[in-house]
(Lines of atoms letter the chains of each structure in order from A and count residues from 1; the text may use other names and numbers.)
(Lines give C-alpha, C1' and ligand atoms only; values in the text may rest on other atoms or scores of the structure.)
Protein backbone atom coordinates (compact mmCIF):
# COMPACT_ATOMS: atom_id res chain seq x y z
CA UNK A 1 0.00 0.00 0.00
CA UNK A 2 2.83 2.38 0.86
CA UNK A 3 4.59 1.67 -2.47
CA UNK A 4 1.37 2.36 -4.37
CA UNK A 5 0.76 5.68 -2.63
CA UNK A 6 4.37 6.84 -3.15
CA UNK A 7 4.21 5.79 -6.80
CA UNK A 8 0.92 7.66 -7.34
CA UNK A 9 2.39 10.73 -5.62
CA UNK A 10 5.47 10.65 -7.85
CA UNK A 11 3.35 10.18 -10.97
CA UNK A 12 1.09 13.11 -10.08
CA UNK A 13 4.12 15.30 -9.30
CA UNK A 14 5.72 14.41 -12.65
CA UNK A 15 2.48 15.18 -14.50
CA UNK A 16 2.24 18.57 -12.76
CA UNK A 17 5.87 19.36 -13.59
CA UNK A 18 5.37 18.38 -17.22
CA UNK A 19 2.41 20.73 -17.41
CA UNK A 20 4.51 23.86 -16.82
CA UNK A 21 7.51 25.10 -18.77
CA UNK A 22 10.86 24.32 -17.23
CA UNK A 23 12.84 27.13 -15.72
CA UNK A 24 16.13 25.74 -16.86
CA UNK A 25 17.57 27.24 -19.95
CA UNK A 26 20.34 29.21 -21.47
CA UNK A 27 20.80 32.81 -20.41
CA UNK A 28 17.64 34.59 -19.29
CA UNK A 29 15.07 31.95 -20.30
CA UNK A 30 14.61 30.79 -16.69
CA UNK A 31 13.58 34.16 -15.18
CA UNK A 32 11.52 35.02 -18.27
CA UNK A 33 9.61 31.73 -18.02
CA UNK A 34 9.07 32.27 -14.29
CA UNK A 35 7.78 35.80 -14.90
CA UNK A 36 5.48 34.54 -17.66
CA UNK A 37 4.12 31.79 -15.42
CA UNK A 38 3.60 34.26 -12.55
CA UNK A 39 1.81 36.69 -14.87
CA UNK A 40 -0.43 33.87 -16.15
CA UNK A 41 -1.33 32.81 -12.59
CA UNK A 42 -2.06 36.42 -11.64
CA UNK A 43 -4.41 36.81 -14.63
CA UNK A 44 -6.19 33.54 -13.79
CA UNK A 45 -6.66 34.64 -10.17
CA UNK A 46 -7.88 38.07 -11.31
CA UNK A 47 -10.46 36.50 -13.65
CA UNK A 48 -11.67 34.12 -10.92
CA UNK A 49 -11.89 36.95 -8.39
CA UNK A 50 -13.82 39.14 -10.84
CA UNK A 51 -16.16 36.24 -11.62
CA UNK A 52 -17.13 35.78 -7.96
CA UNK A 53 -17.30 39.53 -7.45
CA UNK A 54 -19.77 39.81 -10.35
CA UNK A 55 -21.83 36.92 -8.96
CA UNK A 56 -22.11 38.71 -5.60
CA UNK A 57 -23.52 41.91 -7.15
CA UNK A 58 -27.26 41.15 -6.73
CA UNK A 59 -26.85 39.81 -3.16
CA UNK A 60 -26.45 43.13 -1.39
CA UNK A 61 -27.77 41.93 2.00
CA UNK A 62 -25.33 39.01 2.13
CA UNK A 63 -22.45 41.26 1.05
CA UNK A 64 -23.17 43.77 3.80
CA UNK A 65 -23.54 41.01 6.41
CA UNK A 66 -20.09 39.74 5.45
CA UNK A 67 -18.67 43.25 5.69
CA UNK A 68 -20.33 43.75 9.09
CA UNK A 69 -18.65 40.55 10.29
CA UNK A 70 -15.29 41.86 9.03
CA UNK A 71 -15.86 45.18 10.81
CA UNK A 72 -16.68 43.30 14.02
CA UNK A 73 -13.47 41.24 13.76
CA UNK A 74 -11.44 44.41 13.16
CA UNK A 75 -13.07 46.21 16.11
CA UNK A 76 -12.41 43.22 18.40
CA UNK A 77 -8.78 43.04 17.30
CA UNK A 78 -8.19 46.76 17.92
CA UNK A 79 -9.98 46.53 21.28
CA UNK A 80 -7.95 43.58 22.53
CA UNK A 81 -4.65 44.92 21.21
CA UNK A 82 -5.35 48.38 22.67
CA UNK A 83 -3.53 50.00 19.76
CA UNK A 84 -3.53 50.88 16.05
CA UNK A 85 -5.57 54.02 16.66
CA UNK A 86 -3.87 55.88 13.80
CA UNK A 87 -4.92 53.08 11.43
CA UNK A 88 -8.50 53.31 12.73
CA UNK A 89 -8.49 57.10 12.37
CA UNK A 90 -7.28 56.91 8.77
CA UNK A 91 -9.89 54.24 8.08
CA UNK A 92 -12.60 56.47 9.58
CA UNK A 93 -11.58 59.45 7.41
CA UNK A 94 -11.57 57.23 4.31
CA UNK A 95 -15.04 55.85 5.10
CA UNK A 96 -16.35 59.38 5.69
CA UNK A 97 -15.06 60.35 2.26
CA UNK A 98 -16.78 57.31 0.71
CA UNK A 99 -20.01 58.14 2.53
CA UNK A 100 -20.05 61.63 1.04
CA UNK A 101 -19.70 60.14 -2.45
CA UNK A 102 -22.46 57.64 -1.67
CA UNK A 103 -24.88 60.35 -0.51
CA UNK A 104 -24.07 62.85 -3.27
CA UNK A 105 -25.78 63.01 -6.65
CA UNK A 106 -23.83 62.15 -9.78
CA UNK A 107 -24.28 65.66 -11.15
CA UNK A 108 -23.98 68.33 -8.47
CA UNK A 109 -26.14 71.32 -9.48
CA UNK A 110 -23.86 73.71 -7.57
CA UNK A 111 -20.66 72.71 -9.33
CA UNK A 112 -21.45 71.64 -12.87
CA UNK A 113 -24.58 72.64 -14.76
CA UNK A 114 -25.58 69.82 -17.07
CA UNK A 115 -27.80 69.36 -20.10
CA UNK A 116 -28.68 65.86 -18.88
CA UNK A 117 -31.07 64.79 -16.11
CA UNK A 118 -31.02 67.11 -13.10
CA UNK A 119 -32.50 66.88 -9.63
CA UNK A 120 -36.00 68.42 -9.40
CA UNK A 121 -36.03 71.68 -7.45
CA UNK A 122 -39.81 72.29 -7.39
CA UNK A 123 -42.86 70.14 -6.80
CA UNK A 124 -44.02 70.76 -10.37
CA UNK A 125 -40.80 69.28 -11.81
CA UNK A 126 -41.00 65.74 -13.09
CA UNK A 127 -39.52 62.95 -11.02
CA UNK A 128 -35.98 61.96 -11.94
CA UNK A 129 -34.33 59.05 -10.13
CA UNK A 130 -31.46 59.78 -7.80
CA UNK A 131 -28.17 58.63 -9.33
CA UNK A 132 -25.30 58.42 -6.87
CA UNK A 133 -21.80 59.66 -7.50
CA UNK A 134 -20.55 56.44 -5.86
CA UNK A 135 -22.82 53.43 -6.57
CA UNK A 136 -23.75 51.03 -3.77
CA UNK A 137 -21.61 48.16 -5.07
CA UNK A 138 -18.48 50.30 -5.38
CA UNK A 139 -19.21 51.79 -1.95
CA UNK A 140 -19.43 48.30 -0.43
CA UNK A 141 -16.34 47.06 -2.26
CA UNK A 142 -14.23 50.06 -1.18
CA UNK A 143 -15.29 49.73 2.46
CA UNK A 144 -14.64 45.98 2.52
CA UNK A 145 -11.23 46.39 0.89
CA UNK A 146 -10.35 49.18 3.34
CA UNK A 147 -11.21 47.01 6.34
CA UNK A 148 -9.21 44.09 4.92
CA UNK A 149 -6.16 46.34 4.50
CA UNK A 150 -6.62 47.85 7.97
CA UNK A 151 -6.95 44.37 9.49
CA UNK A 152 -3.76 43.28 7.73
CA UNK A 153 -1.97 46.38 9.05
CA UNK A 154 -2.77 45.36 12.64
CA UNK A 155 -0.37 42.42 12.21
CA UNK A 156 2.61 44.78 11.79
CA UNK A 157 3.76 46.67 14.86
CA UNK A 158 5.27 49.47 12.75
CA UNK A 159 1.73 50.85 12.25
CA UNK A 160 1.03 50.92 15.99
CA UNK A 161 2.00 54.55 16.62
CA UNK A 162 1.40 55.62 20.23
CA UNK A 163 -1.20 58.38 20.33
CA UNK A 164 -3.79 59.76 22.72
CA UNK A 165 -6.85 58.23 21.05
CA UNK A 166 -9.64 60.37 22.64
CA UNK A 167 -8.33 63.41 20.72
CA UNK A 168 -8.50 61.48 17.42
CA UNK A 169 -12.00 60.25 18.23
CA UNK A 170 -13.19 63.75 19.15
CA UNK A 171 -11.65 65.24 15.98
CA UNK A 172 -13.29 62.55 13.83
CA UNK A 173 -16.70 63.26 15.38
CA UNK A 174 -16.26 66.99 14.71
CA UNK A 175 -15.40 66.24 11.07
CA UNK A 176 -18.36 63.88 10.79
CA UNK A 177 -20.85 66.41 12.19
CA UNK A 178 -19.58 69.26 10.01
CA UNK A 179 -19.54 67.13 6.87
CA UNK A 180 -23.00 65.67 7.48
CA UNK A 181 -24.40 69.12 8.26
CA UNK A 182 -23.13 70.42 4.92
CA UNK A 183 -24.50 67.34 3.12
CA UNK A 184 -27.94 67.65 4.78
CA UNK A 185 -28.09 71.35 3.87
CA UNK A 186 -27.31 70.38 0.27
CA UNK A 187 -30.13 67.79 0.35
CA UNK A 188 -32.60 70.35 1.69
CA UNK A 189 -31.56 73.00 -0.82
CA UNK A 190 -31.91 70.73 -3.86
CA UNK A 191 -34.77 68.64 -2.42
CA UNK A 192 -33.49 65.10 -2.81
CA UNK A 193 -33.23 62.02 -0.63
CA UNK A 194 -30.38 59.64 -1.45
CA UNK A 195 -32.46 56.56 -0.60
CA UNK A 196 -35.39 54.95 -2.36
CA UNK A 197 -38.13 54.99 0.26
CA UNK A 198 -41.59 53.91 -0.77
CA UNK A 199 -43.31 54.90 -4.01
CA UNK A 200 -41.51 57.58 -6.00
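Any Cβ shown, glycine's included, is placed from N, Cα and C.
The transmembrane segment annotation in TrEMBL covers 61-80 (among others). Within its own chain, the transmembrane segment (61-80) has Cβ neighbours under 8 Å at 87-88, 140, 143-144, 147-148, 150-151, 154, counting only residues six or more beyond its boundaries.
The transmembrane segment annotation in TrEMBL covers 86-107 (among others).
TrEMBL lists 139-157 (among others) with the feature transmembrane segment.
If you look at the transmembrane segment (163-180), the same-chain residues 6 or more away from its ends with a CB under 8 A from one of its CBs are 85-86, 88-89, 92-93, 96, 100. The transmembrane segment annotation in TrEMBL covers 163-180 (among others).
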